[in-house]
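The topological domain 'Cytoplasmic' annotation in Swiss-Prot covers 1-9 and rests on a curator's inference. Sequence annotations record features per position, and here Swiss-Prot assigns transmembrane segment to 10-30 based on sequence analysis. According to Swiss-Prot, the topological domain 'Extracellular' annotation covers 31-425, on the basis of a curator's inference. If you look up Swiss-Prot, you'll see 128-382 marked as domain 'AB hydrolase-1'. Annotation comment: Swiss-Prot describes ASN136 as N-linked glycosylation site, evidence class sequence analysis. Among the features that Swiss-Prot reports, active site, nucleophile is placed at SER207. For ASP345, HIS376, the entry in Swiss-Prot reads active site, charge relay system.
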Amino acid sequence: MNAMLETPELPAVFDGVKLAAVAAVLYVIVRCLNLKSPTAPPDLYFQDSGLSRFLLKSCPLLTKEYIPPLIWGKSGHIQTALYGKMGRVRSPHPYGHRKFITMSDGATSTFDLFEPLAEHCVGDDITMVICPGIANHSEKQYIRTFVDYAQKNGYRCAVLNHLGALPNIELTSPRMFTYGCTWEFGAMVNYIKKTYPLTQLVVVGFSLGGNIVCKYLGETQANQEKVLCCVSVCQGYSALRAQETFMQWDQCRRFYNFLMADNMKKIILSHRQALFGDHVKKPQSLEDTDLSRLYTATSLMQIDDNVMRKFHGYNSLKEYYEEESCMRYLHRIYVPLMLVNAADDPLVHESLLTIPKSLSEKRENVMFVLPLHGGHLGFFEGSVLFPEPLTWMDKLVVEYANAICQWERNKLQCSDTEQVEADLE
């Protein structure tokens, strides 16, 4: 009799369990997708100056909300994963010419050159010299999307193909790209300056490319000649400080580290004969045992220690990271410099962001832009689910470059006016 009385209550119990399960799933989804995170304009760090005030007036994206796709755009992991797997949506195929430069050590550097598709807003000849991210090149979708947009805004674009990154270009010396080697980028810039003597340069670097371009500009004052400005997107600033965070499981950085290391191993091993062959004159510190260690490496640090640092004769990983990071060169950059990172970038630990923040507090030419969302080189925009082909990052870089070009044009006009007035007196 008691059992019969209790039976009708069982469905209510099961309904409660189902409700709790649904609530738990929804909670996990909300947490994982970061749906409660607000949309807001990027945080800006800069000194009050004529340049910064002009940029705030001329670059609406600096003060407007960055609105990522509603469902998944507030997750830095999904933004990063989509960039890594998909690159961009409906990416165009800009037409360019591949250039080859023989380096002093016999290496063959390549870059792709794309002519502008419209007149620039100030009517000048401007070339963007672009350095992609780790193991990337001009054929990557995010680079193609950015180049196409820059061309349509009147920019000539030169895109470095990292040494060894293109699958159809063989290495011609026992060396490939490294974290901070600026030789190939410098050769591309010199080619542009020589071929287009009237052009002015806008320097752009993505991720690892951001480290390379900032290091290049800071290495010598001569490297900043004809440079209007520099933009660095999603770099980590100091490999030495980043290496410890890259081995942590927080924000899945150890997993990302493994994936990138696996990709680097594939690239290095695809050039096995050029780098490790018996006929190759290898660096003295590079031994056959290093190849066996490469097979078992599970992190970028292990690859850097066993192989990459030895291309340039560094005695230790610490020395390699100290010398190859741009952090010690940033204070030597005198042209306008915009540093962009996303607060939810799972690859760049928040402790590394103190570097650009501190720099922007000391230098009037530096602006640090930190949106809440965007992941690592994602910055997708869109209404609900599907992203737009063009990203917030693409628009911001071109908008900033346009503003700097206009700033320089205004300064030139003011100078000309003052000269005329002086002549009249």
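Cβ atoms here come from the backbone N, Cα and C positions, even for glycine.
Residues near the residue listed as 'N-linked glycosylation site' in space but far in sequence (CB under 8 A, at least 6 apart, same chain), listed by position: ILE143, HIS162, ALA165, PHE206, GLY209. Counting other Cβ atoms within 10 Å of each Cβ, the active-site residues SER207, ASP345, HIS376 show the lowest value at SER207. The predicted model assigns the domain 'AB hydrolase-1' (128-382) a mean pLDDT of 95.
In this structure the alpha carbons, written CA, of the residue listed as 'active site, nucleophile' and HIS376 (active site, charge relay system) are 8 Å apart.
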